[in-house]
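S.K.: Quick paste from Swiss-Prot:
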- C17, C20, H21, M83: heme c binding site (BINDING)
- K75: N6,N6,N6-trimethyllysine (MOD_RES)
Amino acid sequence: MAGGDIKKGANLFKTRCAQCHTVEKDGGNKIGPALHGLWGRKTGSVEGYSYTDANKQKGIEWNDDTLFEYLENPKKYIPGTKMAFGGLKKAKDRNDLIAYLKDSTK
């Protein structure tokens with residue numbers, strides 16, 4: 001997995017993710033769970049967010065590799081997720097978004 005461009009990732013987040021997710025420390029849940037503190041967190045574990053059983057039971061920890069695979073096709077990676085996002089097919093886009101998320105969700 002190649003390093004991504006944070007600026008391009010920020011633009012992808014703004015256009016593809018921000019309507020449902022926040023990255024700020026006190027951003028809170030929207031349609032989707034808050035993403036602050038994402039790295040090292042288990043699927044289905046954000047307090048106050050109503051996950052599907054599929055998300056709660058997946059049991060993986062979010063990191064560069066799991067996000068890279070998930071962001072390509074969320075419904076394939078976690079069948080039963082309620083995330084409506086179709087995914088990012090281009091590896092470069094996924095790398096850019098992951099670079100932004102890694103930087104902005106600390």
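Positions of Cβ are set from backbone N, Cα and C atoms, glycine also.
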S.K.: Starting from the Cβ centroid of C17, C20, H21, M83, the recorded heme c site, name every other residue in that chain with its Cβ within 8 Å, sequence order please.
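M.R.: Here the nearby residues are A18, Q19, K30, I31, G32, L35, F85.
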S.K.: In whole Å, note down how far the CA of the residue listed as 'N6,N6,N6-trimethyllysine' lies from the CA of C20 (heme c binding site).
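M.R.: That separation, Cα to Cα, works out to 16 Å.
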S.K.: Determine, using Cα-Cα distances only, which of these binding-site residues is closest to the residue listed as 'N6,N6,N6-trimethyllysine': C17, H21, M83.
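M.R.: Answer for the nearest of the binding-site residues: M83.
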S.K.: Can you tell which of C17, C20, M83 has the least company, meaning the fewest other C-beta atoms within 10 angstroms of its C-beta, among these binding-site residues?
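M.R.: Relative to the other binding-site residues in C17, C20, M83, C20 has the fewest Cβ atoms within 10 Å.
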